Amino acid sequence: MSFLARTHPSSRRNPMKRTIPALAASALAVCLLAGCGGTSSADDAGGGSAAGKKIVMLLNDQFDPYYLTLVAGAEAEAKKQGFDFSWQAPSTLDVASQTQLLQSVAARKPDGIIMSALDAKAMIAPMKQVMAQGIPIITVDADVADPSARLATVTSDGEAAGRLAAQTMDKLLGGKGKVAFEGYTPGTSSTDARLKGWQEGLKQTGLEYVAERYDATDLTTIAGTVSAVLKRYPDLAGIFTNWTNPTLGAAQAVQAAGRSDKVKIVGFDASPDEVSLLKRGLVAALIIQKPGDMGSRAVSDLAAYLKDGTKPQSVSLDAVVATQENINDPAVSAYFYKAGKK
Amino acid sequence: MPRPQRLSDATILLLLIAIVAVFSIVTPAGTFLSLSNAESILLTASQLLILSCGITFLLIAGGLDLSIGSITIFSAVVVAKVMGALAGTAAQAADFHYPNLGVAITVAIVCGLLVGAGWGAVNGLLAVKLRIPPFIATLATGGIVLGLASVWTNGQNVQNVPLPFQSSFGLGKLFEVIPWSIVIAAVVTAVFWVVLSKTRFGLHTYAMGANLEAARRAGVNVRRHMVLLYVGTGALCGIVAVLDVARFSTASITSHSGDALSAIAAVVIGGTSLFGGRGRISGTVVGALIPAVLQSGFVIMDVQPFWQNVAVGVVLLVAVYVDQVKIRAQERT
């Protein structure tokens with residue numbers, strides 16, 4: 001009869017008690033379920049010494065359009081090179097799960113690994129271990145502090161992009177006014193770098209930096225924070241956001257406050273809904289890194305290395321600024337993130 | 001049957017008033033304590049409040065739902081996809097032209113509510129028919145539902161939500177005064193309040209949580225009742241999904257991940273017992289407002305954002321401690 005782990009009135013005090021031991025097992029099961037990945041076999045691709053070679057990409061996030069565009073770029077290049085390409089993302093974003101994922105991927109003996117290091121120091125040892133097994137690693141997006149822990153790195157210079165955001169804001173506001181920041185909770189290298197660049201860049205301008213706020217990913221929470229910032233600073237002139245969701249949340253809050261004509265938003269990334277906001281003038285500019293280029297560059301570097309041992313050059317890609325004026329310029333719109341396709 | 005108690009309602013309301021008073025004093029005039037800020041706070045709290053109404057019923061009856069955030073996301077994806085697909089072709093949407101707007105919005109809302117209720121039914125059947133403890137059942141469905149939504153959308157925000165839905169409803173206000181989200185949250189709360197405190201259904205809910213076996217012997221169809229509570233909670237997720245799509249004009253896979261725990265915290269802060277049998281919607285209203293008030297106050301005070309989490313945690317601990325003390329006092333008498 002009992003469906004609530006309670007059979008007798010005397011046990012009614014604590015229905016949770018019996019479920020606790022099962023929690024650990026279940027959480028584990030959900031983690032396994034939640035882990036995600038994708039594969040694309042390239043059996044049909046012909047020729048080339050890379051054909052049939054297996055490369056695996058470790059991704060930090062399976063939701064962020066930035067990372068999905070990175071995968072798309074890598075996957076397209078892998079197909080061209082004839083690689084057998086697959087990607088994996090850990091179910092939780094921490095060093096332990098990335099290390100575990102790296103080790104289990106390495107155990108399957110791929111010909112190369114492309115990964116974004118979750119921690120610049122903590123990932124050095126596990127990566128060196130994999131390199132010592134003869135599996136080359138190229139880091140993308142986020143590198144480690146020790147260059148000998150990987151073959152090469154292809155990053156996108158987040159700090160430069162953050163400085164570019166500050167310059168863009170400075171131009172938009174004509175060199176004066178109060179500005180605020182709303183972004184992702186510190187601790188992730190890509191978004192941290194953008195914030196650092198923005199902070200440094202602002203020092204070169206006459207803008208007054210009044211508020212710096214962080215939230216996780218929830219749009220309602222982000223909009224709530226921005227609403228309060230708008231309330232606190234009735235003369236706020238600009239907001240910089242360092243990834244997709246704060247850009248969307250800030251645009252909503254500014255609209256709800258009826259201040260779209262007074263507050264300029266400089267957003268980050270170029271997901272389709274951000275581009276739509278830019279088109280409609282609700283976002284003044286978008287700073288766009290080139291994750292797609294990063295992915296394809298990492299794969300072609302790996303291809304060259306596997307072919308004849310060419311040691312790739314590490315590079316750092318720059319960012320572009322999209323505004324309403326240049327939104328239709330192919331040199332800019334080429335970097336808008338792809339929607340709905342892998 | 002232990003009756004809901006007034007003590008913790010009053011305590012927690014006093015606490016909310018004290019928080020508001022402190023923020024009003026320490027923030028610049030016209031910032032925190034203003035009508036427009038009250039509106040922002042209510043807007044932020046409205047979604048949590050709606051979800052918390054369902055959780056209040058479930059906790060009182062001895063159930064639990066950890067999957068509400070995931071169900072909300074899944075329903076939001078359904079609402080956004082259906083609305084985008086029915087409103088017009090992709091080419092028309094690119095020009096912001098939507099020939100079938102009315103039909104699209106109606107069908108999308110109905111689909112969102114049905115899908116939410118459907119996942120609620122799955123939870124209910126797992127808990128009742130298969131007798132899986134709700135903690136585990138809904139933890140698992142939460143993972144499954146979110147996973148399916150991610151697979152479906154490829155992890156990306158859903159595009160092409162017709163813009164008028166946002167401009168007229170998401171940003172719209174009743175009589176140009178009260179945002180629709182707040183109106184809907186108020187209506188939902190009022191309905192759940194009346195059902196819980198004035199109807200036989202509400203009485204049965206308390207009875208089940210207080211003593212399931214006694215409720216069954218008294219003739220309450222406890223299995224059907226419990227399934228209905230899960231279905232109702234799922235439907236509330238559908239409502240929140242509609243509001244979310246209206247506000248942000250997108251369905252974001254990464255939103256709502258903390259909703260289940262936030263709602264449970266709000267409900268428990270509001271004096272509902274985690275062990276069933278006791279609780280009131282009035283307490284839940286206060287409990288759901290506290291995080292939004294703290295967020296607004298801390299931001300306006302320019303306090304480090306992380307302190308908000310600390311403050312909510314402390315309030316939760318105090319509320320549960322008070323609850324435990326009361327239970328012990330009750331058992332001694």
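Glycine is no exception: its Cβ is also placed from the backbone N, Cα and C atoms.
Annotation source TrEMBL lists transmembrane segment at B:12-35, B:41-64, B:71-91, B:103-128, B:135-153, B:177-196, B:227-248, B:260-276, B:283-300, B:306-322.
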Proximity of the transmembrane segment (B:71-91) to the transmembrane segment (B:177-196), 3+ C-beta pairs under 8 angstroms: no
Other parts of the chain folded back onto the transmembrane segment (B:283-300), taken as Cβ under 8 Å at six or more residues beyond its ends: 8-9, 12-13, 15-16, 19-20, 22-23, 27-28, 31-32, 37, 40-42, 44-45, 48-49, 52-53, 55-56, 189, 262-263, 265-272, 307-308, 311-312, 315, 319
Contact call for the transmembrane segment (B:135-153) against the transmembrane segment (B:103-128), three or more Cβ pairs under 8 Å: yes
Contact call for the transmembrane segment (B:103-128) and the transmembrane segment (B:227-248): at least 3 Cβ pairs under 8 Å, seq gap 6+: yes
Cβ pairs under 8 Å between the transmembrane segment (B:177-196) and the transmembrane segment (B:227-248), at least three: yes
Chain residues outside the transmembrane segment (B:306-322) and at least six past its termini with a C-beta under 8 angstroms from it: 7-8, 11-12, 15, 265, 268-271, 274, 287, 290-291, 294-295, 298
